[in-house]
Amino acid sequence: MRTLTGVPAALSPADHGEGPTWDAERGELLWVDIPAGLVRRAAVGADGTLTESGPALRGGDTVGAVVPAAAGGWLLAAGGGFTHLAADGTARVVIDLAGEGGTETGGGTRMNDAKCDRAGRFFAGTMAFDQRPGAGTLYRLDLDGTVTTVLDGLTVSNGLGWSPDERTVYLADSGPGLVHAFDYDPADGSFSRGRVLLDLAGDDGVADGLTVDDEGCLWTALWGGGQVRRWSPDGELLAVVEVSVAQTSSCAFAGPGRDLLVVSTSAEGMDDAARAAQPDAGRLFTVRPGGTGPPASPYRGPLGALRQ
């Protein structure tokens, strides 16, 4: 097993950084600051240096995830539904999901992690602000604008990723700290034969965001553990990336060569003593671990097909 160390990027920290993703068409790294409702962007230099490539764009009260939209701009899992964010920064709610949204004090829910499969279907999960068990749901937005409930009864629907042959899909539920594997049908986007691949709910941290590299291995962020771990498709631990922030939230491969692993972290909920002990909380970290990973798949449906 290899142990690697992530290096903090010089970009300004987020409060709760999440969901790094590589937009290959624009040549930009995207990530979000969930409670600030911001989408942030950076260029990736040949040496792995990250530099802001544009102003942060506001997508809503909370933004859980961002993906490129083939029709232009970006599609967000934001608030209690889906929002189109145009290149000029204009945000337009295109779908409010029934039963989702609301406020933290009112027992509401919010969108969390999300990704598209290769066909361009958008999968987005939810969680309750108070993280109560069973309140999370995974939705699928098809190319015609139809929304389907894929899974319910989750707690914190989190990291998503597909095997290179797209026959297996992985989903983290951060409530119980489990990473599930499902058989996946790329013809219709359906899940079947679910099983627990990883139980990551111990003292080392809780399963959070994830990505799958081009060899089919999983990279899982461990919230509270200050690590990202690489696993074989059978669940064998292969490598560990350590960072100097306990709350590691997600990871993705980025850059022109798609060989730079970018790790997001969070300062959310940290008191003054914890922030002083972890001054890089909320920053992105980078490391070249060897190997590559896929770029973000865009949402390929026409935005005009999205309906309330």
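Note that Cβ sites are derived from N, Cα and C of the backbone, with glycine treated the same way.
Record features, source TrEMBL:
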REGION    1-22  region 'Disordered'
DOMAIN    17-266  domain 'SMP-30/Gluconolactonase/LRE-like region'
BINDING   E18, N158, D208  divalent metal cation binding site
BINDING   R110, N112, D130  substrate binding site
ACT_SITE  D208  active site, proton donor/acceptor
REGION    283-308  region 'Disordered'
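Reported as a whole number, the C-alpha separation between E18 (divalent metal cation binding site) and D130 (substrate binding site) equals 18 Å. Between the listed binding-site residues, namely N112, N158, the fewest other CB atoms within 10 angstroms of a CB are found at N112.
Long-range neighbours of R110 (substrate binding site) (same chain, six or more residues apart, CB within less than 8 Å of its CB): T62, G64, G79, G80, E100, G101, T126, M127, F129. Set side by side, the binding-site residues E18, D130, D208 differ in how many other CB atoms lie within 10 angstroms of their CB, and the most is found at D208.
Listed in sequence order, the residues G108, T109, M111, T126, M127, A128, F129, Q131, A135, G136, V156 complete the 8 Å Cβ shell around the substrate site centroid, once R110, N112, D130 themselves are left out. Across the region 'Disordered' (1-22), the DSSP tally of helix, strand and coil residues reads 0 helix, 13 strand, 9 coil. A coil conformation is recorded for D130 (substrate binding site) in the three-state DSSP classification, outside any helix or strand.
The DSSP breakdown of the region 'Disordered' (283-308), given as helix, strand and coil counts, is 3 helix, 4 strand, 19 coil. A separation of roughly 7 Å, to the nearest angstrom, links the Cα atoms of N112 (substrate binding site) and N158 (divalent metal cation binding site). Of the recorded residues, D130 (substrate binding site) and N158 (divalent metal cation binding site) place their C-alpha atoms 15 Å from one another.
DSSP classifies D208 (divalent metal cation binding site) as strand under the three-state reduction. Annotated divalent metal cation site E18, N158, D208; additional same-chain residues within 8 Å of its Cβ mean position, judged by their own Cβ, are G19, N112, D113, V156, G159, A172, S174, G209, A221, W223, S249, S250.
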